[in-house]
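Undergrad: Taken from Swiss-Prot, the feature substrate binding site covers 53, 162, 238, and the record attributes it to sequence analysis. Annotation source Swiss-Prot lists Mg(2+) binding site at 91.
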């Protein structure tokens, strides 16, 4: 397909559902603007993802503390949606509020052209006196998934329920994933899976496709084994975005006649977003516990 030729949003959603229905495991391209989306499609990636953390960096220059608003996130998704030739998953965080806010989130992101979106059960934004890793109840999580399904117009839009396997006992992860599957989620997204033994416990009995956020975990690199366990989508992280930060810094530094710098992309991101300040403010003003 020529670079400037676009597919319809419905066609891209159908293409994403075909990935979920396949027996393969696909790795996402991190897309954060129209250019990165075009590059990913031209390099024959089957699917892209707009991460909430990356959107916060790109739009606000801020770390991932649930600071970006729905309208800001949707605007960035729409810019990508105008040119996308591959299905794009939107990391919709907690749906930007309660179940009614989730409905609004689905309406806006569907209109922006995303092929799928994830709704997570993390308690966001961080609440006064609570742990930053706290989750909402299963009942509230189910309500959000039901609300998302009610709000979508195009039945090809995939609603994926996301939970954090790294902060819960495995029995609780199983309860949550089963509940979200029963509510009608088109897929389950898991964060924090430690290894294949952990994944096998969670995946046993699940019929919906799985999406895995691994951040490059070396314990989860066997694509064929992942596929056999029902994993269809893997998010390794957002290396392309951080490489762009590093390249920009190095290029501008060279233009100023400075010597090469040995700061890596992670260190540069910390330097210019100052996450330590946000952590300090959360503790000082909200008594948030890590």
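Note that Cβ sites are derived from N, Cα and C of the backbone, with glycine treated the same way.
Quick one: how deep are these features, and who are their neighbours?
TA: Mapped onto three states, the DSSP output places residue 53 (substrate binding site) in helix. Under 8 Å, Cβ to Cβ, and six or more positions away along its own chain, residue 53 (substrate binding site) finds 63, 64, 91, 238.
In three-state terms derived from DSSP, residue 91 (Mg(2+) binding site) belongs to an extended strand segment.
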Undergrad: Of all the binding-site residues given, 162, 238, which has the fewest Cβ neighbours within 10 Å once its own Cβ is left out?
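TA: Counting other Cβ atoms within 10 Å of each of the binding-site residues 162, 238 gives the minimum at 238.
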Undergrad: Hey, does DSSP put residue 238 (substrate binding site) in a helix, a strand, or just coil?
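TA: SS state of residue 238 (substrate binding site) = coil.
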